[in-house]
Structures are given as structure tokens and as C-alpha cells.
Amino acid sequence: MSSMKRKENHTLVSEFVFQGFSSFHEHQLTLFVVFLALYILTLAGNVIIVTIISLDRHLHTPMYFFLCMLSASETVYTLVIIPRMLCNLRGARQPISLAGCATQMFFFITLAINNCFLLTAMGYDRYVAICNPLRYTIIMSKRVCFQLVGGACSIGLIVAMTQVSAVFRLPFCASKVAHFFCDIRPVMKLSCIDTTVNEILTLIISVLVILIPMGLVFISYILIISTILKIASAEGRKKAFATCASHITVVIVHYGCASIAYLKPKSENTRDEDQLISVTYTVITPLLNPVIYTLRNKEVKNALCRAIGQKLS
């Protein structure tokens with residue numbers, strides 16, 4: 001079956017091919033090995049975090065519930081993008097249908113936005129724990145935690161449906177996606193018609209789903225820091241800061257990469273620079289979550305040691 005159809009003087013495309021890292025042709029094997037290693041570490045790290053939190057009753061708290069949800073979301077997020085990218089790096093450049101591309105974009109947007117708002121929920125949890133500790137268990141009840149996770153997922157689903165339906169209403173005349181997955185801007189560039197309205201919609205949504213949660217986390221940390229500075233003992237201040245260190249590190253990297261990728265002017269970076277930024281938030285950021293929370297977080301490390309100790313005994 002031909003991948004082209006004639007309609008209204010346009011040659012319309014029914015499938016796409018990812019160009020991926022074609023400009024790094026001589027380094028394809030190296031990139032494959034590096035990305036495969038990072039992918040395995042990401043999957044292993046996130047699965048360990050979900051398993052440890054699920055099994056260890058000491059970690060059955062709102063903070064670790066959100067971390068468990070974030071790790072599960074990050075795991076699915078990488079599964080949506082990285083396996084096909086690895087296949088393309090090994091030379092198996094299989095075309096992807098429009099329906100397949102729309103599906104990948106839908107899950108990518110849903111999970112990316114879900115992750116943004118989960119980090120916001122984690123920031124709110126830290127705010128309540130430090131600024132209102134006596135009412136923490138009442139405010140951060142199971143019901144509230146499930147509502148926050150449900151809200152994060154719902155926002156992701158609504159935005160994904162809006163974006164995907166807007167992008168795939170466009171007619172496409174070119175089939176080569178200058179990227180390694182179906183991201184919004186590279187796919188829109190293949191349209192036969194002017195996409196200014198779509199670009200404005202994408203920018204508005206990006207501003208809302210990046211700057212609003214980022215602003216809420218920023219406000220949470222201003223209130224957290226002002227409360228911590230009022231703690232009389234140096235040991236108390238150190239302990240309070242330690243509970244937030246892992247989260248704020250992940251937040252800076254996550255929102256930083258998202259802002260660079262989606263809030264910059266569309267022609268500012270070259271294709272290679274865009275792909276490098278994309279690698280950061282699709283390959284490296286999901287790995288940071290388990291690395292930071294297992295290396296920097298004493299409670300997770302202790303839970304891991306307990307689990308290993310039980311296995312050995």
C-alpha cells in the first residue's frame with residue numbers, strides 16, 4: 001500500500017520516518033550503547049523505587065506515595081519513546097503511521113504534564129510538612145493524595161487530547177520527522193499549510209503547564225525557606241533542608257529542561273541542539289529521579305538496605 005495519497009493538489013502523507021541522529025552517523029553505535037545503558041538504569045532504578053515504596057511500610061507516607069507515582073509515570077514515559085529510538089539508532093528505520101505517531105505524542109504529552117504536576121504536588125507536600133507539621137496528617141490525607149494524583153493525570157489527558165487533535169487535523173506533505181520521536185513542533189513542521197495558530201496554541205499551553213506548576217513550587221519553597229530560617233537550632237534547619245534537597249534538585253532539572261525545550265523561540269536552536277535538549281528530558285531526567293532519591297535520601301537508602309538484608313538472611 002502506498003504511503004501517499006493525492007488530495008486537493010497536495011501529496012498527503014500517511015506515515016512518517018524519524019531522521020533521528022542522522023547527523024551523528026559515525027557515532028550511531030556509541031549513542032546506541034550509551035542510551036541503552038541509561039535506559040536499563042532508568043527502568044531498573046524506577047522499578048526498584050516503586051517496589052521498595054510499595055513493600056516497605058516505613059515509606060507509606062504522602063511524600064513517598066507521590067514519588068512512587070512519579071517513578072511509575074517516568075517508567076511508562078521512557079517506554080513510549082526510547083525503544084523506538086534505539087531501534088532507529090541500529091539502522092532499523094521503520095516508518096510510523098499517523099495513528100502510531102498520534103498515539104506516541106498523546107502518551108508523551110500526558111505523562112510529561114503528569115510529571116510536572118506530580119512534582120508540584122510533592123512541593124505542596126513538603127510545604128505542609130515543614131510549615132504546618134501539626135496538621136500534616138489531616139491535610140495530606142489519603143483522599144487528598146489521590147485527588148492530587150488524579151488531578152495531575154487529568155490535566156495531562158485534557159492537554160494531550162487538545163494538542164494531538166489540533167496537530168493531526170493538519171494535512172502533512174513531508175514524511176521525514178527531524179527528531180527521534182513524535183514531538184509537537186517537529187511534526188507540525190511537516191504540514192502543507194500555515195501552522196501559526198497551532199504554534200500559538202502550543203506556546204500558550206506550554207506556558208500554562210510549565211510556568212504555573214513551576215510558580216507554585218517556587219512559592220512553596222519561598223514559604224518553606226522562610227519557615228526553616230526561623231528554626232532555632234542549626235541541626236533542625238539542616239534536617240529540614242535535607243528533606244527538600246532531593247525534590248528541589250529534580251524540580252530544577254525537570255522544569256529547566258522543559259522551559260528550554262518549549263518556551264524558547266522556535267528558530268533559536270539548530271536541529272542538533274533541539275535533539276540534545278530532548279535527550280536530556282527523555283533519557284537523563286527520568287534517570288535522575290531514582291539516582292537522586294536513592295543516593296541523597298536516607299529513608300530510601302535505609303529501606304533498600306532492609307530489603308537487601310531480608311533477601312540475604
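Including glycine, each Cβ sits where the backbone N, Cα and C put it.
Positions annotated as transmembrane segment by TrEMBL: 29-52 (among others). Listed as Cβ neighbours of the transmembrane segment (29-52) (distance under 8 Å, sequence separation of 6 or more from its ends, same chain) are residues 21, 59, 67-68, 71-72, 74-75, 78, 82, 85-86, 89-90, 279, 283-284, 286-287, 289-291, 293-294, 300, 303-304, 307.
Annotation source TrEMBL lists domain 'G-protein coupled receptors family 1 profile' at 45-293.
Here the transmembrane segment (64-86) has long-range neighbours at 18, 20, 32, 35-36, 39, 42-43, 46-47, 49-50, 53-54, 94, 96, 104, 107-108, 111-112, 114-115, 118-119, 121-122, 125, 145, 148-149, 180-181, 282-283, 286, 289-290, 293, 299-300, meaning same-chain residues at least 6 beyond its ends whose C-beta is under 8 angstroms from one of its own. According to TrEMBL, the feature transmembrane segment maps to 64-86 (among others).
What TrEMBL records for 106-124 (among others) is transmembrane segment.
Here TrEMBL flags 144-168 (among others) as transmembrane segment.
Same-chain neighbours of the transmembrane segment (200-229): 113, 116-117, 119-120, 123-124, 126-127, 130-131, 155, 159, 162-163, 166, 184-185, 188, 237, 240-241, 244, 248, 251, 255, 258-259, 262-263, counting only residues six or more beyond its ends whose CB sits under 8 Å from a CB of the stretch. Annotation source TrEMBL lists transmembrane segment at 200-229 (among others).
According to TrEMBL, the feature transmembrane segment maps to 241-263 (among others). Tertiary neighbourhood of the transmembrane segment (241-263): same-chain residues 112, 115-116, 119, 122-123, 126, 129-130, 202-203, 206-207, 210-211, 213-214, 217, 221, 224, 228, 274, 277-278, 280-281, 285, 288-289, 292-293, 296-298, selected by CB-CB distance under 8 Å and a gap of 6+ residues from either end.
Positions annotated as transmembrane segment by TrEMBL: 275-295 (among others).
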Checking distant contacts: for the transmembrane segment (144-168), what same-chain residues at least six beyond its ends satisfy Cβ-Cβ under 8 A?
62, 65-66, 69, 98, 102, 105-107, 109-114, 116-118, 120-121, 124, 184, 187-188, 198, 201-202, 205, 209
Same chain only, please: residues at least 6 beyond the ends of the transmembrane segment (106-124) with a C-beta under 8 Å from a C-beta of the stretch. Say none if there are none.
63, 66-67, 69-70, 73-74, 76-77, 80-81, 145, 148-149, 151-153, 155-157, 159-161, 163-164, 181-184, 209-210, 213-214, 216-217, 220-221, 247, 250-251, 254-255, 258, 281
